[in-house]
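Take a look at the structure below.
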Amino acid sequence: MRRNTPRLLAYLLLCGGAVVYLLPFLWMVTTALKSGDEVLAFPPEFVPSSFEWHNFPDAWTQLPFTRFLVNTLLITVLAVTGTLVSSILPAYAFARLPARGRGIMFAAMIATMMIPAEITLVPQFLMFTELGMVNTYWPLVLPAWFGYAYYIFLFRQFFRTIPQELSDAARIDGASHARILWSIMLPLAKPAIAAVTVFSVIGNWNNLLGPLIYLRDQDKYTLAIGLSLFQGQYTTAYHHMMAVSTLTIVPIVVLFFLAQKAFVRGITLTGIGGR
Amino acid sequence: MRQGPLARGEARRFYLFVSPWILGFVLFGGGPIVASAAISFTDWSLLSSPSFVGAANYVKLVQDPVFYTALGNTVYFAAASVGLGVVSTLGLALLLNLPLRGIAAFRTIFYLPSVVSGIATALLWVNILHPDFGMINYLLGLAGIQGPGWLTAEEWAVPALVLMSIWGAGNTIVIYLAGLQGIPQSLYEAAMIDGAGWWRRLRHITVPMLSPVVFFNVVTGFIASLQAYVLVLVMTKGGPANATLLLGLYVYRQAFEYFDMGYAAALSWALFAVVILVTLVQFRLARRWVHYEVA
């Protein structure tokens, strides 16, 4: 009895909390299944009187969401690939290649993590305007190929946990640094690669600001922008809004469940969540 | 000491490998930062070429009542979401650290919202917070409470955003859990032998040992929430009556709605100053409550 009471209390608190955290998701799905009239019924009901499954295709075709999906996938693949390549190389350098100025450069990199994105927003926009890259995917993809401080930091932390003896032995056998990175470090850094991939996919998938500032033509829009149009144009079509919202978070939820361990590892390694 | 050929080779490799970041720093980091500082001293509407106006944008800033509104909203939002966030996520982390059956499933549930957080969940919250058709007022109604207008009411709009941000703060739970698991078990065992109960173990072991992690989450939480605005841009556009106009949103508005690039740049530096100031205050206050183990 005395041992079980605290345990029971903990379960009660956890279950209560879990309900609070999950209710919004439940509301999302049930709203997506309501009829257009029912979402505007007062008072609202949690469970729809009939499940309107056609809301999903209806909402999806209300705007060219298939097109938006293809655009989002294209940007995400290009940006994530760039992020991995351009973050792993500097991270290896910071972790394993001694050179004069390395410490100062590393400090400068950490310092950039604290500069608000708002500061670089205006000059970057002006630069891409000058380059004639507005209304193209360049502003959304190009920066990803030049290394993100946060991911470089994450990889560097991970590389430092890999025993130095492994690469020293390979050095003595005459292996180049590229070779050591590719054949020794990367296979051992799979959890870090998975974490950065997941963070970066989610970040690009959810990126709203970049597309909002740089994309003009509707056929170039991403899912995030397409969704935001609902808030502007079809304010009362909550069932359609929630149907598309549900569809856009499903891939992220699946990805999260597939890579949950890597995800948690990534957060605990650097102390910061994905961006 | 002269460097040998091996060390020189290593250094050459270092610069080769690190070059993507150096280029990125020039193009997307340090370069734009310097440019932003320069732009803040100009009058630039995109249509015309920039003209140097000295500190005019900063003079305008200190006289701009909307800036003070945005500043107040930003500090209010950040303090409320970090303050309440610490209490709720720390409480949850303490529960999630218990050796209970099925605890992994609970952990997943609590950080799922932070994973999917984005425009989809922002629209979900717009819906949930709707005064008439939303879930929260529906549930309050079941309890006999007439809910407020949330995002449509000036005094409730920021609390509504705070509610949403706490729901999506699950990643800090992960950090707390890692911190909790790093506390040596022997401390608890020694305390139990001395007859310390649950509360005293929490008060005298867990809290001081975890305080550096709490401090870390408070500092990074403030830095992030002082800069937050993108979802608000879609949810309320800063309304009603600028009640949710955050500083970041005001920068966006000046830059991309009014095309006043010089003023937008000046505002972004004011935001940076706020972030630095708040962070410095945090470090100053930390001396009083953060406990570091001396190794």
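From the backbone N, Cα and C atoms, a Cβ is placed for every residue, glycine too.
According to TrEMBL:
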- B:21-41: transmembrane segment (TRANSMEM)
- B:71-282: domain 'ABC transmembrane type-1' (DOMAIN)
- B:75-96: transmembrane segment (TRANSMEM)
- B:108-128: transmembrane segment (TRANSMEM)
- B:156-178: transmembrane segment (TRANSMEM)
- B:209-232: transmembrane segment (TRANSMEM)
- B:261-281: transmembrane segment (TRANSMEM)
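With a cut-off of 8 Å between Cβ atoms, the residues of this chain six or more beyond the transmembrane segment (B:261-281) that come close are 36-37, 39-46, 50, 53, 57-58, 60-61, 67, 71, 74-75, 78, 219, 222-223, 226-227, 247-248, 250-252, 254-255. For the transmembrane segment (B:108-128), the partner stretch with the most Cβ pairs below 8 Å, chosen from B:21-41, B:75-96, B:156-178, B:209-232, is B:156-178. Tallying C-beta pairs under 8 angstroms between the transmembrane segment (B:156-178) and each of B:21-41, B:75-96, B:209-232 places B:75-96 first.
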